[in-house]
Amino acid sequence: LTSPLPSSLSYRGLTLVLTFLSYTSYHLSRKPISIVKSQLHPNCSALGPNPHNDSNSSTWCSWAPFDGDNYKELFGALDNAFLVAYAIGMFISGIFGERLPLRYYLSGGMVLSGLFTALFGLGYFWDIHVLWYFIVVQVCNGLVQTTGWPAVVACVGNWFGKGKRGLIMGIWNSHTSVGNILGSLIAGAWVSSAWGLSFVVPGIIIATVGIICFFFLVEYPEDVDCSPPLHHVMTTSEKDPEAVISNEGPLSLSGQGSVDHSHSPKEPAEEPEAISFLGALRIPGVVEFSLCLLFAKLVSYTFLYWLPLYIVNVAHFGAKEAGDLSTLFDVGGILGGIFAGLISDYTGGRATTCCVMLVVAAPMLFLYNHVGQNGIGTSIAMLIICGALVNGPYALITTAVSADLGTHESLKGNAKALSTVTAIIDGTGSVGAALGPLLAGLISPTGWNNVFYMLIAADVLACLLLARVVVKEARGWCGYMARKRGYVVT
């Protein structure tokens, strides 16, 4: 008999690659709006005299309807049209994701995302200057893009067990930053010449990747006669029982308690029912991590949508240079996600890892605002550091923590909960993603300092919301250390 191991490894690798490319293309299609903003309302006086010789000489090169003094509010409306629709749709998306074939759901969503992304850019070629056209396209795009995250996390969670999930998903989650970087570079290539292509090209890319996923993505190991992974740590005589932290500790939040080994993973079982919304909320840790992600994502998405404009206004770079420089924030995000996953795997403390990074992020944001533009070297260093500290907890919660909670031992092996749990956590976070750019648009006219104070306050709140889980993890570590020293813990 041939070993199933090579086949299983091949399918796991294929799943990682396809889901990585999928969500890279999702973020690639979201990034152009932040790059194009500075081109929709540029500094016309820097381009020379008004060739049309009319009285409105200061905004002659702007794209109507963004040529008025309220352009920041209109940009905020564009951001929130997408993000509010995304936040609302995400709570519904996980429910559909559990009841429909993930491959169809993901592929269809990607093709539609490509269509609506391209439609925004076609407004340039069709010479559209009506605000409602862009708003409606953003709303539709926000709704269809909710198909992505629950589907890709569920696919990866179906193929990968507990093991080194934090590290694997930390590396895998770099798709967010890679997509932002590629989206910035692609959008920047056409932003000054024909900004419509900054949307049309990413739209074609995400639709193409969606078609590839339709033909090659495998949802479950059982579909290709592979063994499903174990989602919990064994605590039998095969392992030192003292090597696992007590059920009061951090690993219990992630579902790392004992597991019944009386049945083989390949044993046929009844198809479990999809979990209810309230049932998912009752899983220990879901509420805390969801609320923490709300504020963590508020900070991350404010940078995603407003950082290039901030660099243009404060450092006085051009639109393309600001877009290129903003990618360093995402480079830091890649490093932060991997670092957070590695540390949380080693310590078993997902919440503590997030909390420490959030605590350090607050003063770093303050420093970036005050000294980050004092030189190109300082700006590069601060952007990478802030990106790592801001996106590290965000990446950890949306990947490893979501997968841990979606395969919690209380679910008794019901993997169908994974999509709903992921949607609840990311949907709650998406409320913060909608609030961040909205608040930035409202606050920025009063000064960029106030925007950064808002971001710092959000980081502190995100940390405080994890306090109960951090205390529980600390108790687990204390109990573990006491047992190692021979003390009896009651």
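Here the Cβ of each residue, glycine as well, is placed from N, Cα and C on the backbone.
Per TrEMBL, the features are as follows:
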type: COMPBIAS; residues: 260-269; note: compositional bias 'Basic and acidic residues'
type: DOMAIN; residues: 15-475; note: domain 'Major facilitator superfamily (MFS) profile'
type: REGION; residues: 250-269; note: region 'Disordered'
type: TRANSMEM; residues: 74-97; note: transmembrane segment
type: TRANSMEM; residues: 104-126; note: transmembrane segment
type: TRANSMEM; residues: 132-160; note: transmembrane segment
type: TRANSMEM; residues: 172-191; note: transmembrane segment
type: TRANSMEM; residues: 197-218; note: transmembrane segment
type: TRANSMEM; residues: 286-307; note: transmembrane segment
type: TRANSMEM; residues: 327-344; note: transmembrane segment
type: TRANSMEM; residues: 351-368; note: transmembrane segment
type: TRANSMEM; residues: 380-405; note: transmembrane segment
type: TRANSMEM; residues: 417-439; note: transmembrane segment
type: TRANSMEM; residues: 451-471; note: transmembrane segment
Top partner of the transmembrane segment (451-471) among 74-97, 132-160, 327-344, 351-368, 417-439 - counted as Cβ pairs under 8 Å: 351-368
Winner by Cβ pairs under 8 Å against the transmembrane segment (286-307), considering only 104-126, 172-191, 327-344, 380-405, 417-439: 417-439
Same-chain residue ranges lying at least 6 outside the transmembrane segment (172-191) that approach it to Cβ under 8 Å: 16, 19-32, 34-36, 38-39, 156, 197-199, 201-202, 205, 304, 308, 319-320, 323-324, 326-327, 330-331, 333-334, 337-338, 341, 387, 391, 395, 398-399
Of 74-97, 104-126, 132-160, 327-344, 351-368, whichever stretch has the most CB pairs under 8 A to the transmembrane segment (417-439): 74-97
Contact check, the transmembrane segment (197-218) vs the transmembrane segment (104-126), 3+ Cβ pairs under 8 Å, seq sep 6+: yes
Intrachain residues whose Cβ lies under 8 Å of the transmembrane segment (132-160), provided they are six or more past its termini: 11-12, 15-16, 19, 22-23, 26, 29-30, 77-78, 81-86, 88-90, 92-94, 97, 102, 105-106, 108-110, 112-113, 116-117, 119-120, 123, 168-169, 172, 217, 219-221, 228-229, 398-399, 402-403, 406-407, 415, 418-420, 422-423, 426-427
Cβ contacts under 8 Å made by the transmembrane segment (380-405) with residues that lie 6+ beyond its boundaries: 149, 153, 156-157, 160, 162, 165-166, 169-170, 172-173, 176-177, 253-256, 283, 285-286, 289, 292-293, 296-297, 299-300, 303, 325-326, 328-333, 335-337, 339-341, 344, 350, 353-355, 357-358, 360-361, 364-365, 367-368, 371-372, 418, 421-422, 425-426, 429, 459, 462
Best-contacting stretch, by C-beta pairs under 8 Å, relative to the transmembrane segment (351-368) and drawn from 74-97, 104-126, 327-344: 327-344
